[in-house]
DNA sequence: GTACATGCAAACCTTTTGCACAGGG
DNA sequence: CCCTGTGCAAAAGGTTTGCATGTAC
């Protein structure tokens with residue numbers, strides 16, 4: 001989604017600025033953040049972020065995208081995701097939820113859906129107790145067939 | 001672990017042979033299977049399988065390793081795992097457990113531990129009901145600090 | 001002004017592919 | 001014997017890096 005009022009974007013960027021600490025807020029970094037904000041529902045690859053960023057600043061380089069995404073990950077502004085398709089994907093951290101949501105990867109249409117439930121907490125508690133493993137974060141992907149594909153599939 | 005009696009290996013290979021269906025059981029494929037069987041606790045990368053395979057057959061090519069691993073995945077003999085370190089890793093499917101175990105990735109020593117618990121079933125049930133998503137498989141990774149590293153860490 | 005950031009191109013690393021040859025069923 | 005599998009080397013991604021130039025603070 002594009003921002004109806006430029007103000008809204010500026011406000012959000014201002015908020016990131018604080019998280020940047022001593023790191024410089026450059027036009028390129030702003031452009032990457034804007035691209036991510038305008039596609040906060042997607043799981044963009046570096047190449048996709050690059051394409052979006054180029055629409056705003058045609059001079060921007062791919063290396064800058066990678067370096068910026070690395071920085072954003074380090075600053076906990078984005079999460080790097082691995083769906084096993086040979087490229088990393090990135091999504092803005094949703095500050096509201098202290099934890100990730102989960103991903104449902106459709107084996108048929110490759111659509112990636114999201115779930116919010118966090119029953120995983122129970123499992124984490126068991127693991128922390130039984131293995132003494134201190135869990136910081138988790139990545140969960142479910143593979144299967146989405147409602148539509150599952151229907152189509154059973155007809156064949 | 002090496003096999004104390006060659007018989008044991010031969011037996012296991014024979015069992016895979018059935019799963020191979022019309023695919024040919026070549027010496028190279030046997031070597032890859034042997035390497036995987038002798039390291040069933042590890043999560044080997046293609047390069048690592050290659051190194052192990054070369055010890056048995058120094059003529060084997062890396063492309064063959066990749067092609068064999070692809071085949072083994074297709075035949076549900078191995079699982080391809082993505083830990084986000086830029087390379088795929090493979091592990092033998094444990095036929096005994098209908099489902100995967102989970103992986104604990106230590107952020108400090110990069111050790112990969114495993115858990116067997118499957119409380120995830122509850123979560124899957126909720127997801128199947130609420131999203132109509134038909135789950136076939138899942139990949140779960142927990143990131144955090146293993147018991148040793150966690151101890152060390154709190155001392156610093 | 002200075003340390004950090006950028007763009008470009010080359011390098012890198014993992015994985016894939018084309019092709020001529022080899023060998024399993 | 002035929003079709004599939006193999007080895008090699010080249011190509012193909014995705015990502016990183018070196019370096020000269022540019023710029024946020």
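Residue numbers in this text run from 1 along the chain shown.
Cβ atoms here come from the backbone N, Cα and C positions, even for glycine.
Model, not experiment: these values are computed from the prediction.
Positions annotated as Fe cation binding site by TrEMBL: A:100, A:138.
Among the features that TrEMBL reports, Zn(2+) binding site is placed at A:106, A:109, A:146, A:149.
Cα separation, residue A:138 (Fe cation binding site) to residue A:106 (Zn(2+) binding site), rounded: 20 Å. Using a 10 Å radius centred on the Cβ of residue A:138 (Fe cation binding site) and all shown protein chains, the other Cβ atoms total 21. Counting every protein chain shown, the number of other Cβ atoms lying within 10 Å of the Cβ of residue A:146 (Zn(2+) binding site) is 22.
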